[in-house]
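What follows is one structure encoded as structure tokens, with my remarks underneath.
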Ligand code: FAD
């Protein structure tokens with residue numbers, strides 16, 4: 001049995017507020033039927049996050065359940081230098097050059113293209129296709145559109161964005177600045193020939209709070225009003241925050257509101273629809289999409305998403321339809337309520353170093369999600385803010401909101 005107290009003596013105050021991950025093998029239920037409800041990996045081990053203050057208690061509990069702790073690692077990469085002698089198993093773990101949370105050594109990252117086209121010299125591509133994504137009775141206008149890239153060198157990977165420069169000038173007589181849009185297609189494009197890029201754009205429409213006048217956003221209106229054959233100035237690609245991990249067995253939690261679905265469309269198409277095109281990427285992890293929209297008619301890409309769920313056991317999807325579904329308090333069902341409903345299961349998934357969480361869409365959606373996950377973490381005496389920061393450092397927590 002691994003001796004935690006030797007490795008992290010209580011006199012070492014540097015560790016007082018820290019979290020540790022136990023890798024445990026041989027877990028079963030105790031005589032009372034209690035068990036650690038954590039996903040068991042193919043290797044037969046599980047990961048359990050433990051706050052410093054409960055290390056001994058958890059160790060006893062694992063013992064009672066017949067488990068054996070095979071390694072203990074501090075969470076996060078900025079761990080203070082250890083003052084006591086590391087236990088032999090810990091030395092072995094560090095010799096294996098594993099990351100501090102048991103994450104496997106990273107494969108060499110493939111090069112991510114950035115800024116192939118800049119605003120001074122954008123790529124001009126033609127719109128090849130544009131169609132409505134909001135069904136009758138839905139709120140607002142949102143369109144899927146595709147641009148031809150065959151005349152240049154613009155290429156990208158899933159999770160990146162491109163810039164669009166709308167034609168014309170702003171109120172100061174200067175050319176309009178570019179606006180960013182998440183790429184909604186995979187690197188192979190909707191035509192699977194690596195020569196197109198697609199977007200999912202909501203037309204910004206609002207009432208001016210001072211004049212009461214109806215205002216339309218410059219770039220989103222330009223894009224939503226395009227016709228096939230029209231020219232569009234494109235820059236980029238940009239962005240490394242929302243890249244999909246290379247690991248085929250990564251678990252991917254996706255939390256989207258509205259057009260926040262765009263990068264997830266790219267992920268899901270790559271995972272489940274483009275098998276033959278990606279001989280080096282055969283997705284075997286678990287993907288779970290949470291999608292917040294106001295009405296059923298606003299479920300973007302509804303048919304394809306639902307077909308994907310029906311055909312793939314490792315893809316799960318939960319909607320939060322605010323104007324049609326109720327939360328447990330009887331109010332509108334927003335994304336944070338759906339997250340709260342599944343928070344314990346999500347927390348468990350996040351214990352696995354192969355789980356990545358992505359949030360994309362409306363600015364401000366993170367607060368409610370944090371609240372829901374805080375409650376789940378608190379059940380294990382873990383401070384969610386610290387845990388989320390640790391995941392961010394490990395590149396397992398990705399947020400793009402606008
Ligand atoms: P503008 O003409 O620039 O008007 C926007 C301005 O209008 C705001 O700055 C604000 O001053 C004002 N305004 C807006 N709403 C109100 C209101 N209710 N009351 C008063 N004033 C208001 N959008 C998508 O549709 N799809 C995407 O996939 C997408 N991806 C993005 C990815 C990233 C990384 C980022 C940063 C943004 C993304 N956006 C996306 C948003 C997009 O970049 C634009 O911001 C959006 O389309 C609006 O641009 P616009 O030119 O139409 O609006």
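Quick reminder: no glycine exception, Cβ is built from N, Cα and C everywhere.
Whatever TrEMBL says is automated annotation, not expert-curated.
Cross-referencing 40-75, 76-111, 112-147 with TrEMBL places the feature region 'Disordered' at 76-111.
The NADP(+) site recorded in TrEMBL includes 202, 259, 322, 323, 361, 362, 400, and the single candidate from 182, 221, 233 that the record places there is 182.
Screening the binding-site residues 182, 202, 322, 361, 362 for a C-beta under 6 A from any atom of ligand 1 leaves 182, 202. Other Cβ atoms within 10 Å of the Cβ of residue 202 (NADP(+) binding site) number 20 in total over all chains. Counting residue by residue with DSSP, the domain 'FAD-binding FR-type' (120-244) contains 7 helix, 50 strand, 68 coil.
In the three-state DSSP classification, residue 259 (NADP(+) binding site) falls within a helix.
For residue 361 (NADP(+) binding site), the same-chain residues that are 6 or more apart in sequence and have a Cβ closer than 8 Å to its Cβ are 255, 256, 257, 258, 259, 260, 261, 292, 401, 402.
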